[in-house]
Amino acid sequence: MSFVPLNRVPNKGMAQFQEMMRQQLESSMHTELEKLLNTVTGAEKEVSKADFEGFKNLFHRFLQVKGPSVEWVKIKRPPEDSIQPYDKIAARGLPDNVADSLNKLVVVKLNGGLGTSMGCKGPKSLISVRNENTFLDLTVQQIEHLNKTYNTDVPLVLMNSFNTDEDTKKILQKYTHHRVKIHTFNQSRYPRINKESLLPVATSLTMNGQNAEGWYPPGHGDIYASFYNSGLLNQLIAQGKEYIFVSNIDNLGATVDLNILHHLVSQPNGKRCEFVMEVTDKTRADVKGGTLIQYEGKLRLLEIAQVPKAHVDEFKSVSKFKIFNTNNLWISLAAIKRLQEQKAMDMEIIVNPKTLDGGQNVIQLETAVGAAIKCFDNALGINVPRSRFLPVKTTSDLLLVMSNLYSLEAGCLTMSPKREFPTTPHVKLGSSFTKVQEYLTRFESIPDMLELDHLTVSGDVTFGKNVSLKGTVIIIANHGDRIDIPAGSMLENKIVSGNLRILDH
């Protein structure tokens, strides 16, 4: 394909020229996708064909985008009644027939991610987080407890990706005798595109060798199309299900909340809320989290990637944007069906640049599940307690949830009543702790952290049994040094440096 230098194109013809280039790119993309489809046959070809329809639509929209997706001057704070305090929702109390509400609910967990950032192979949901229980174990225990307590039939649906599907399905056999029906469906598989040519880097649909790097799951915004295309959405509607509760499987605070569910199912038909986003108050640790805004008369999710560079500091400020999206979402099944069939689901495109192992620069086009909030009727934000946002993204988070700060009951983690203040300590473990296996070898037992405010650990550090940490504790082993915190030590407001001097903080 030959390109004409832009400086030789007359101004009045620029728009026509750009449109011609877009059409050329789209035509080339369609040709390449057709070639890829012809590398397989049968069922795999049909699945990929459906995936590619979604990708073509995303690619078409990507080529149309001109400038930023939001104009900063149009951003307004959401009206008071569009974000309700959780206490106001809970104050209404629960009805006698909680079971009726629960029988209208489906729990969906986003299960497409791998454990690679924590040094683990396979799906992240299969990492042990507490008493040998994995994220998936805890999820099954929570829902089974609900079903037994209220004599209900709340199913669990896992949205897998091609990275996690096989391993997850193998493990699901262990839950056969649990009182929870488990369904799975797969996220789409989209082609990564060369940053320069904007064409797929994969040469066939197979996942062998270098080709495996040519594919990606396109973000959790893909849930609407892939759930609908799987046939599972229609199947659940036919069973009388009305709402899904969607959350990341690594957010241990995302349990079924009966007050929010009751609020949804008790609305009069004409005013049914089709989408609830749980938000929570922002702290300095959450400055990058997406927030809710009012934009052109609609409630809308604003992500940091959409913010013009000149306004990033303003976006991060805790004073202007006070809340952030936990990605715990309650969504009407009938509304998803309607929007999919009307092709009215509109989510901003996230352009995610990556560099492949061979050094090739690619981009992947993604969408976020919460970005669809503007498409649903009577959407609402609910400002929930921080306890509903307990993600485990790093071993620092893992240390918190493995410690005595939390107690575990029926798959739910709750802050220990013995902790005097409800805030979670700030924990920052250094690079020697990044991988789960390494991290586990550095603790003979998990320290007592009930009175901890802040912990920073850097360098080659190990902890003996029954160590107690209180207040602010900073442990820094210099390069080449090693610090072993002796068994039974109690460190309160201490700085421990490379030569094992223990100083008051």
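Each residue, glycine too, has its Cβ placed from N, Cα and C.
Values in this document were obtained by computation on a predicted structure and should not be read as measured data.
Listed in TrEMBL:
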- Lys124, Gln187, Gly219, Asp250, Lys393: UTP binding site (BINDING)
- His220: substrate binding site (BINDING)
## Note on the structure
If you rank the binding-site residues Lys124, His220, Lys393 by how many other Cβ atoms lie within 10 Å of their Cβ, the lowest count goes to Lys393
### Task
Just give me the nearest neighbour of the residue listed as 'substrate binding site' among the binding-site residues Lys124, Gln187, Asp250, Lys393, Cα to Cα.
Gln187
### Message
If you pair up every Cα among Lys124, Gln187, Gly219, Asp250, Lys393, the residues annotated as binding UTP, what's the maximum separation in angstrom, rounded to an integer?
### Response
21
### Query
Near Asp250 (UTP binding site), which residues of its own chain have a C-beta under 8 A away, given they sit six or more steps off in sequence?
Gly113, Lys124, Ser125, Phe135, Pro391, Val392, Lys393
#### Entry: Around the Cβ of Gln187 (UTP binding site), the count of other Cβ atoms that are within 10 Å
27
### Task
Please list residues from the chain of Gly219 (UTP binding site) whose Cβ is under 8 angstroms from its Cβ, counting only those at least six apart in sequence.
Ile350, Asn352, Glu366, Thr367, Ala368, Val369
